Amino acid sequence: MTTNMNGDHGKEKAMAMADGFENHNKANDFVKNHDNSLSIRVEDGGVGSNGVAGIHGNGSTEKVEEPLENVAREVAQPEPPKARSKRVAALDAFRGLTIVIMILVDDAGEAYAKIDHSPWNGCTLADFVLPFFLFIVGVAIAFALKRVPRISDAMRKITNRTLKLLFWGILLQGGYSHAPNVLSYGVDMKHIRWMGILQRIALVYFVVAMVEALTAKLRPTALQPHRFAVFHAYHWQWLGGFVALIIYITTTYALYVPDWSFVFNSPGDINDGKRFLVRCGVRGHIGPACNAVGYVDRQVWGINHVYTQPVWRRSKDCTYDSPNLGPLREDAPSWCLGPFEPEGLLSSISAILSGTIGVHYGHVLIHFKNHSDRLKQWLLMGFALITFAIILHFTNAIPINKQLYSISYVCFTAGAAGLVLSGFYILIDVWGLRTPFLFLEWIGMNAMLVFVLGAQGIFAAFFNGWYYDTLDNSLVHWIHKHVFVDVWNSERLGTLLYVIFAEIVFWGVFAGILHKLGIYWKL
């Protein structure tokens, strides 16, 4: 009697455990599929893969009896560990490429002016750097805020990271640091520069990330089966980008720009201390002198707190040596010596679109799991943006202009970023050609560190501080002159090779060592 009762009790317990196991599996399937924002799919064999339930060809379900020992044995087996999501190496390679281009154009651009920033309209290699940064920041935001358990925590994290970016931006580009060649630190607060590369990234990151976090509970968990589903699911992000675009266009073409004046400060220059007047009195001007982008910065920050060496000094209006920097023309207009902020406030509002497009590429990566589906979305978007930008530029409707951060510039650089990311994705993640691009991945994993120490010259400044007799007799200067310039008997070629091997290759190896040691610097 006791044996039979125990047996009945064991059967009831095992059946309860089996039912619970089945329900647990179903719940996990539901959460997993909705967490990935994919439709729940029934594989061949049905949901009853544990033998408890099956699906007939007509879609009906039927209970399948199975020996109790098999069910109990299945319940006793531990649940297999979840597979870790594979890291998309193309994202790191893209970020690393952006840092490499930045080092190349900053340190070799003086020798090869054609890769330096365009004096005004047009787009050169240097003009891709900042929008590429903003694009990949947007892609990262989509992943970082894929799940937002508590909006307050996400907002606090976004604010903290924004403040850190602002701090490093003002420290490195506000005038406090004079690295690598000037061995002094400090800035006159009457002339501190408030905007810069990291400051623009901070502003774009804050706006785009906040929109992503605040709309996390409003977007659907699964995409609808239609062509523009990913756009519809994230319409709030696109609405934010559209609002930024409207603010930029309205201000650029409707704001009245009056005459303005400035005092040129350059010790030793014949024009040092002179005041110059720039006559404007116009609306909708998109030339160097009287555009609304520059006017907004002069009004908001003050004329003494904007960049004092704008690239327009290399334009044909200012020098006969254009696109190189040369002596001013005798008939050069007064604005050639004036200040202009290339990372200004109004142009940073336009730059929000670069981050928004990057977020879209991140959403595609999250929702589409098939290589061909991802690439189709990315490539179509990239080619469409570039085509639109080219039409705007060559019809003179809205020229491609980095200084103004025009809408055509946004589309052209964002489209190019999408195509480059697609290329990396095909080569590295689809075809598996990872080894040739490892150094880019390593730099991309430690992008902030290489940016501060390498691109901003802090590391080189440390060695320049150990000089012999004269400031230009340090290890860095010696290597540049004797190992590269003298060997190749060319200042231009020697400088280019120095940047490639003594800087880019060096930072690739250095970042690789840090990666092997598991050391990363992230804000």
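In case you wondered, yes, glycine gets a Cβ from its N, Cα and C as well.
Pulled from TrEMBL:
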{"type": "TRANSMEM", "residues": "88-105", "note": "transmembrane segment"}
{"type": "TRANSMEM", "residues": "125-145", "note": "transmembrane segment"}
{"type": "TRANSMEM", "residues": "165-185", "note": "transmembrane segment"}
{"type": "TRANSMEM", "residues": "197-215", "note": "transmembrane segment"}
{"type": "TRANSMEM", "residues": "236-256", "note": "transmembrane segment"}
{"type": "TRANSMEM", "residues": "345-366", "note": "transmembrane segment"}
{"type": "TRANSMEM", "residues": "378-398", "note": "transmembrane segment"}
{"type": "TRANSMEM", "residues": "404-427", "note": "transmembrane segment"}
{"type": "TRANSMEM", "residues": "439-463", "note": "transmembrane segment"}
{"type": "TRANSMEM", "residues": "495-514", "note": "transmembrane segment"}
Stretch in 125-145, 378-398, 404-427, 439-463, 495-514 most in contact with the transmembrane segment (197-215), if contact is a CB pair under 8 A: 125-145
Segment-segment contact (the transmembrane segment (88-105); the transmembrane segment (165-185)) at 3 or more Cβ pairs under 8 Å: no
Contact call for the transmembrane segment (404-427) against the transmembrane segment (165-185), three or more Cβ pairs under 8 Å: no
Criterion met for the transmembrane segment (125-145) and the transmembrane segment (439-463) (at least three Cβ pairs under 8 Å): no
Maximum Cβ pairs under 8 Å to the transmembrane segment (345-366) - stretch from the list 165-185, 236-256, 495-514: 236-256
